[in-house]
Amino acid sequence: MESTIKHDIGLLDFLRGYSALLVFFHHAAILGGGPGILSGQIGQEAVNAFMLAFGFLIYFQCSISKQYNHLESFSGIKIFYIRRFFRIAPAYYFCLVIALLLSHNLGIFRESIADSLPHTATAMDRYYIADPVKSFIMHATFIFGILPSWSFSTPLPDWSLSLEMQFYILFPVLFFILRRNFLFYLLVVLIVMFAIRITLKQINVDFPMPSFIPLKFHNFAAGMSLAYLMINKYFSIYYKMSILALSVIFLLVGNSTPMIALVFLFGYWWLCFGMAKSGILTRSLKVIFEHSSSKFLSEISYPVYIVHLIFMIPFFSVALEKGQLKPHVWLILAITLFSFIALISLLIYRFIEIPGIKYGKLLISKIEPTKPRRT
């Protein structure tokens, strides 16, 4: 997973970095027999936190960056899509090829884990892939997420990447209408998304993972609301409270726990009030959010997220060969594995992700700007 602002807002660095860390330890708890508190809903909520961060970052970036022309020109929209694609695709394609080449072996290791931890048994069709070429095409185009049978079909946790791409595809339209009347059109879009979600349930269309944008749009919308409220601080208190209430209601209804609603409310307080204060509490929080560890974890958060299962599955398969792990042994192994994954992720970030971003910027430099349309 990734962002468009380079460490300008410490809270967002903290949120992205430590969400990736939570996803890692969530999967380590499942695959290695770790603490139950980590193998529950915390992994899903960490991914929801990513979505909230993306919603904020994308809306904020497009609001303040002159390069995008507020997405009111063809060149601005083209630049937006190029930047998003070359931010995500290079590292994903690299990991996707490796995962498809090793999928059968990963399947054997995954079955070995299920033998030691029967409660972790899972469907194996995403490991024993019948047509790897077709699978690569479906995933490289990111369309797999809108098809239930493909939404969870590789060893990678890539279902959320299709979700992210769907959000980016819709975003120029969303940005256009939200700039006209944010509260009204946010309500309309949220209702439409939930109507689609309810309809899918009624006609028994089941996504193994929530990879279709109507299923998770409320998290992105909450992030956009945070950005809007941060940028537009001088609206009436009633208007701002209406946006807050709308976002919280849909977060509570759409998610299985109130965790993201609480993160959203804290984010509003921090971004609009807290980080400008100078009290002991706010200074302490600022030190935490702006610490070098937050920046480092934020930089490698996307590679950590996309690559870790390729190594984690065989690692815990071998570790469990002599039986289930004691809690302290699991913790030592999980920390050791994360240290290795962090190193691999740093290499991916520097030698694949950054060159991909630079190539995207090279393409953007060749685009002639067009004047925004007047409405």
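Keep in mind that glycine also has a Cβ here, set from the backbone N, Cα and C atoms.
TrEMBL: automatically predicted annotations, no manual curation.
Feature annotation from TrEMBL assigns domain 'Acyltransferase 3' to 12-342. Averaged over the domain 'Acyltransferase 3' (12-342), the predicted model reaches a pLDDT of 96.
Taken from TrEMBL, the feature transmembrane segment applies to 21-40 (among others).
For 46-64 (among others), the entry in TrEMBL reads transmembrane segment.
Same-chain residues lying 6+ beyond the ends of the transmembrane segment (85-107) with a Cβ under 8 Å from its Cβ atoms: 2, 4, 124, 126-129, 132, 135-136, 139-140, 154-156, 158, 161, 164-165, 302-303, 306-307, 309-310, 313-314, 348-349, 352-353, 355-357, 359-360, 363. What TrEMBL records for 85-107 (among others) is transmembrane segment.
Sequence annotations record features per position, and here TrEMBL assigns transmembrane segment to 127-147 (among others). Packing against the transmembrane segment (127-147) from elsewhere in the chain are residues 89, 93, 96-97, 100-101, 103-104, 106-107, 110, 153-155, 158-159, 161-163, 165-166, 211-212: each is 6 or more residues past its ends and has a CB under 8 Å from a CB in it.
Residues or ranges marked as transmembrane segment by TrEMBL: 159-177 (among others).
Under the heading transmembrane segment, TrEMBL lists 183-200 (among others).
If you look up TrEMBL, you'll see 212-231 (among others) marked as transmembrane segment.
Within its own chain, the transmembrane segment (300-320) has Cβ neighbours under 8 Å at 1-2, 16-17, 19-21, 23-24, 27-28, 31-33, 50, 88, 91-92, 95, 98-99, 102, 105-106, 109-110, 112-113, 116-117, 155-158, 161, 333, 337, 340-342, 344-346, 348-349, 353, counting only residues six or more beyond its boundaries. The transmembrane segment annotation in TrEMBL covers 300-320 (among others).
The transmembrane segment annotation in TrEMBL covers 329-352 (among others).
When the stretches 159-177, 212-231, 329-352 are ranked by Cβ pairs under 8 Å to the transmembrane segment (46-64), first place goes to 212-231.
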